[in-house]
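Asker: Dumping the structure here so I can ask a few things about it.
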Amino acid sequence: GLLLLAAALGVTAAARCPAPCVCDNLRSHVLCLNGSLTAIPDTIPELTRKLDLRGNSFMVIPAGAFLATPYLTHLDLQRCKMESLEEGAFRGLGRLVYLNLASNGIALLYQESLDGLFSLQQLILEGNRIEEIQPGAFGHLGSLTVLDLRANALVYLPDMVFQGLQVLRWLRLSHNALHVLGSEAFAALPALRRLSLDHNELQALPGEALARLDGATRLDLGHNPITYVAEEALAMASLRHLFLDHASLQDVAPNAFARSPQLRILDLRENQLQGLPPLAGAGGLIRVSLDGNPLLCSCLLRPFHKWLARARVQAEGACAAPPALRGRSLNSLKSPEMRCSRLQPSPRPTAPPEQPRATGSRQCPRGCVCSPDFHHGSCENRDLREIPRHFPEDTRLIDLRRNPFRTVPPDAFPGLKELVSLHLQRCSIRVLHPGALRGLESLVYLYLTNNHLSTLAAAAFEGAPQLAYLDLDHNAFTRVPAGAFRLLPNLISLHLQHNTIGELAEGDLAGARGLRWLYLAGNAIKHIASAALAPTKMLEKLQLEGNQLSEVPTAALWGLPALSELKLSRNPIKHMGDSVFLPVASSLQHLYLDNMGLEWISPHAFTGLGPKIRSLYLESNKMNNIPDMSNFTGLEILNLQDVPFHCDCQLLPLRRWINKLNLCVGATCGSPAEAQGLKVKLSTTFQTCPGWGQGEAGKTNPNKTKAASKPSKKKRSGKSPARGFRKSRA
């Protein structure tokens, strides 16, 4: 299919072009789309400028992977199932200006992960599962202007995390779970003009962190549970557009924006505001949007209404009460109409108390390195036998990887109330004692991967109530430690991948009521009890790939109204019956059913699924037909590679549907013999079928094929589903 496309576009394959790629020598482009590559090809022409590797299976990008292509300017690695970037993965790419790593499984960015990309201008990391960014990760990206971190799993931004991004103009952090921002998180962004923090978990306006952004002109804070904007809460000298829509605002202080003198547009739509005081400090305002608020147009609103007229500010919004004025626009009201009644105003919420900032002493354990700028302490690979003590009290990240501690005793981290991230990977830990984390009241991230833990007691987490990310991958668990999470009400992400867990039983996840992401890949799970997932009613991602399930765990999926991603890849599920995804049909967006040896799918297996499905992976299975998916109108990704379709008349509806899709699906005929190896779209076996000829026969005309390719080429220049780009999200 790629070769046919290449021929239609006048592209010739270079002698050195690696299979299954297509090389365009004239433009120095190489395309290796939606293939089965597991490593970066080492025969890519050295002078290649643009390399498109979307839809392959690299898992890990090793150090120096692109040393043979030093002239690259554009590199696209979307949907390549990558889980980690080795330090130095992109060294040698000093000319690269565009790097797209969207829709992978990257969880952590280390300090040297992006080393060598000093010409990079756009970095897209949208749709990964990045939980933490270590300060210094972007330190080598001095030319970056756009950084896209949307739709990841960030909860916390430490101080100076974006250090080095001297010319960054747009930072996109939407659709994460941010609720803690270091006061210096944005301190090193002198050129930033736009900051997107919408769709997060911020409960208060992070004024101290935002005050560092002197040049920012647009701030998006919508869809956060912010209830109150306090006096002088926002001090941004150049801010012109502020979006606080779809939050939980109940009140705004009169001088809330007094220290943002350039503010012109204030968007407060869809909040819980019954009114506003005169915003006397915001002298430059032009428009205030209040649509969707329960505005009480009584005498209490008169001062605000008079201020609007006096300051010549346009207001958008309508009265919700009293009944006589319901539906009236604010601009149409006259003061005498806004009469007093017995309704009393709700008391104004007080601003959340400021947390005291510990100055902390500057001591550091012997043999360790403590950074006062980053508030980090590192004792990595120092052959320590005991947990070191006496870190500065304001330390926020401690890296203790690769030390043979064996156990973590009670009260192992005294005096570290500000500690947010704790790294204990590869420490030979067998026991986490009760009270081991006592006193770590700000701890958000705990990494315990590659240890020897086989059990955990709930008491081990006593005193760490803010823990949101717990990584227990690559340990010795044979079952989920039942009840261990009942003291973790804020747990969002739980990693138990690559253990030897055999089943998921009722009660295993008791107490994990806030869990959103559950990673159980690479275990030996054969059974999931029907009530095993019942406590996790907020679950959004469930990853079960590489287990021993022989059927879809349909009964266990009931009661998960937010589940949007389900991975069942590499489970020995041979048959798929009726309505197996019905419990999550109203929310499911991403479904992975690849590499299962699937032999048969019921025509009604996908009952209930429809326009919400955005990606469906069915590659590398054994069935020769699939159910009708004509109502999957929202598809952005469909992978049907390595499925031996029987290209006879029964497959004609699928062939017609595929022809209408603006997607590269990779469907190939496995039989009959004369069609074997041909793309379903190109097979001539359908021409003898009843109903053939309704505009389809003409599509095999070479001249028409070539003509039809031209608009396709035009589409491929933009961010369209045809190129596999995700739809833009604010």
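Cβ coordinates are placed from backbone N, Cα and C, and glycine is handled just like the others.
Remember, predicted model here, so these are calculated numbers, not experimental data.
Taken from TrEMBL, the feature domain 'LRRNT' applies to 16-50, 363-397. Sequence annotations record features per position, and here TrEMBL assigns domain 'LRRCT' to 293-341, 644-690. Residues or ranges marked as region 'Disordered' by TrEMBL: 335-364, 691-730. Feature annotation from TrEMBL assigns compositional bias 'Pro residues' to 346-355. Marked as compositional bias 'Basic residues' by TrEMBL: 711-730.
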Asker: Under DSSP, the domain 'LRRCT' (293-341) has how many residues in helix, strand and coil?
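Answerer: Across the domain 'LRRCT' (293-341), the residues distribute as 22 helix, 10 strand, 17 coil.
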Asker: Quick one: mean pLDDT on the domain 'LRRCT' (644-690)?
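Answerer: Overall, the domain 'LRRCT' (644-690) comes to a mean pLDDT of 88.
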Asker: With DSSP as the reference, give the number of residues of the domain 'LRRNT' (16-50) in helix, strand and coil.
Answerer: 0 helix, 7 strand, 28 coil
Asker: What are the helix, strand and coil residue counts for the domain 'LRRNT' (363-397) according to DSSP?
Answerer: 0 helix, 7 strand, 28 coil
Asker: Using DSSP, break the domain 'LRRCT' (644-690) down into helix, strand and coil residues and give each count.
Answerer: 19 helix, 8 strand, 20 coil
